[in-house]
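Annotated features, as they stand in Swiss-Prot:
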type: BINDING; residues: Cys340, Cys343, Cys368, Cys371; note: Zn(2+) binding site
type: DOMAIN; residues: 10-89; note: domain 'TFIIS N-terminal'
type: DOMAIN; residues: 210-333; note: domain 'TFIIS central'
type: MOD_RES; residues: Met1; note: N-acetylmethionine
type: ZN_FING; residues: 336-376; note: zinc finger
Amino acid sequence: MESDLIDLFEGAKKAADAAALDGVTSSGPEVSQCIDALKQLKKFPVTYDTLVATQVGKKLRSLAKHPVEDIKSVATDLLEIWKKVVIEETAKAKKTEGTNGCKEAKVNKMDVEKPSNPAPVKVQKLQRGDSAKSIKVERKEPDNKVVTGVKIERKVPDIKVTNGTKIDYRGQAVKDEKVSKDNQSSMKAPAKAANAPPKLTAMLKCNDPVRDKIRELLVEALCRVAGEADDYERESVNASDPLRVAVSVESLMFEKLGRSTGAQKLKYRSIMFNLRDSNNPDLRRRVLTGEISPEKLITLSAEDMASDKRKQENNQIKEKALFDCERGLAAKASTDQFKCGRCGQRKCTYYQMQTRSADEPMTTYVTCVNCDNHWKFC
């Protein structure tokens, strides 16, 4: 089931990428193929566990920002459907847990039939010391049989208090065992995972005003992730510690890049700007959850730290610039009729231009594909 879901989504993703590269606006085979795959995903039965295991929900957000409006609208509808599934299953799970916690053990009641003619019962008390007392019970059955039994009752020994010390009936002191508050709290607290460090309650300072300010800015940026995360990301975000991550990032930046006022000032500014950018929630979330480690963060370029939306816009700008650049060049054709004088190969491209008067032959410009040798002739 998970593999089928991944295959369907990968097909839609490839078609959407092809449509974005080709610059298709609303029609085309890639757009139709992507929309058909997304409609199949709408009918595909998914659960919260399936979405978490395959992580297709995170990848679907890029299609919800696609430049083609048809793909964008269908992907947005599919994302809303999956969000409803996650919310409903989470609510059911919480309701089930609450029901199980409040459920009390049921006691089966047995009906007792009262005898119509109760038989007379004789009770005789027999004393046996101070600590116990026996009672002789005689009951006469309807068939004139007498049933005799002995019931023993024990007295609860009295405990006397003398000068703050409790003394039982045997004259021995009774010790009160008290549980300290620390032990009580440790007994009540649930056991934490051994490999998960506890969350910091306050930011660790290093007695350097500049470094402490950078840590405060990082904590402020990472704490915003909790309000930006989706429902299926909230569990991993809540398990992360923004204070500890901020301290780790700043410490590694200081260790590898030096002070923020030194030679790596621009690198500091680039990292801080992208982490605090309101349009770049993806980078903050990946750093907080550990998808991007502090070691990897300081090696990323400004383009790598950009948001998914910004990366897509940059790719479109590059494609358009490359297309505009090549549009002004002369059209070239491939041929094997020319032999390169440098490498002897016949893999060449050529184009012709009118460089002299109209009644003169055109000038042919040839380029060797193998060694990039250029020559011309008339």
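Each residue, glycine too, has its Cβ placed from N, Cα and C.
Sequence-distant contacts (6 or more apart, same chain, Cβ under 8 Å) of Cys368 (Zn(2+) binding site) comprise Cys340, Arg342, Cys343, Gln345, Lys347, Cys348, His374. Within the group of binding-site residues (Cys340, Cys371), the Cβ with the highest number of other Cβ atoms inside 10 Å belongs to Cys340. Those same-chain residues not listed among Cys340, Cys343, Cys368, Cys371 yet with C-beta within 8 angstroms of the centroid of the Zn(2+) site C-beta atoms are Gly341, Arg342, Gly344, Gln345, Lys347, Val369, Asn370, Asp372, Asn373.
DSSP assignment over the domain 'TFIIS N-terminal' (10-89) gives 64 helix, 0 strand, 16 coil. Neighbour density for Cys343 (Zn(2+) binding site): within 10 A of its CB lie 14 other CB atoms from the protein chains shown.
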